[in-house]
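Please read the structure below before turning to the comments.
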């Protein structure tokens, strides 16, 4: 058995021939454009080879309850009721019961066939009414040959040989149905050698299946006996419903055995369950990120997260993951660039509780860190001032006038600078030049505003 490269405890369901690795379903690109049997490699984008669900399928003896639920589906219940009603009519109209029996066994065989290919919901009832009679004739042929060969052996080889043969064909009948579903070849289905080959491939589990089927058939007999024939019409209807119900369960169980042991029987199938949830784009992104990080491709993971954030800039969780990655990998250039958008997003979404701690983390790697966007630099300094970190706020605003040409912004920045310095030891003396600069710049701005007003009046 092969296991997923990224989840060593998970059996593999796909293999990439280009990248040479096995993967479970979660480590593949299984978007809506792919069906259950196909997927794309996240790394090279090539189609992956399907390994089927042989290693992930639940053992059939653990899903007996699900098998009984399977036969209670809308389609199967409809088929059971139709068959029971036709059988009831057959009590009064000759040969009608044969139509009901033919309809039932054709539907049951489609249950086996669909389950073998991973479809865990009962097939549409139209399957039993459409198509030709080939499948039905093959099923009847299996039963007729089984009975006929026993009679012939009893006549020519004696009762002992006939009894032994009857035991064998009874045990091999489920195998014959399975072969017919897999290969659709009647000659292989009636071949004792091929039947033994399939039984050997499944191994001891085949005999567990036989025991379960025998118990179900015995249960049907007991229920028939309990119902009795006191109320012939009601009794017949009830008996037919119960018998048909168990038939659907048994054929579904045989199909599931083929599905479970598909790798030994030469087929490839994935479970197709209507209740199975499809992954979102975010879940696929997380899966791909996990693969890149486990491979040590931190740059690839960083680029992937940045590209996704460009499409979904409000994704807080992804932004935090990217910042953590850049901090861990010490990618200073990418870190300095990303923090501009990161802090802007924190302010925009009012995640103020993160700002101080994130700023300190960045400062440990970039001691002279300052946002290049002057509005953001001032906003960050104001936040640090409000949090009581006057020293860091003052350092952010140092030489603000050299980096900004916006005089109004400079006035705001140095007003905060004055407040920061006044709260530091011996800071009042240092704050005076800034206060004088603010007063002078404010006067210039008022004068400029006055001149513009006069010009407007003229």
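These residue numbers are counts, starting from 1, taken along the chain as shown.
The backbone N, Cα and C atoms fix where each Cβ goes, and this holds for glycine too.
Automatic prediction, not curation, is the source of TrEMBL annotations.
Pulled from TrEMBL:
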type: DOMAIN; residues: 1-28; note: domain 'B box-type'
type: TRANSMEM; residues: 77-105; note: transmembrane segment
type: TRANSMEM; residues: 135-156; note: transmembrane segment
type: TRANSMEM; residues: 162-182; note: transmembrane segment
type: TRANSMEM; residues: 203-227; note: transmembrane segment
type: TRANSMEM; residues: 239-259; note: transmembrane segment
Tell me, what is the mean pLDDT of the domain 'B box-type' (1-28)?
-> 88
Out of 135-156, 162-182, 239-259, which stretch has the largest tally of CB pairs under 8 angstroms to the transmembrane segment (77-105)?
-> 239-259
Near the domain 'B box-type' (1-28) in space but 6 or more residues beyond its ends, with Cβ under 8 Å, are 39-44, 46, 48-53, 55-56, 270, 279, 287, 290-291, 294
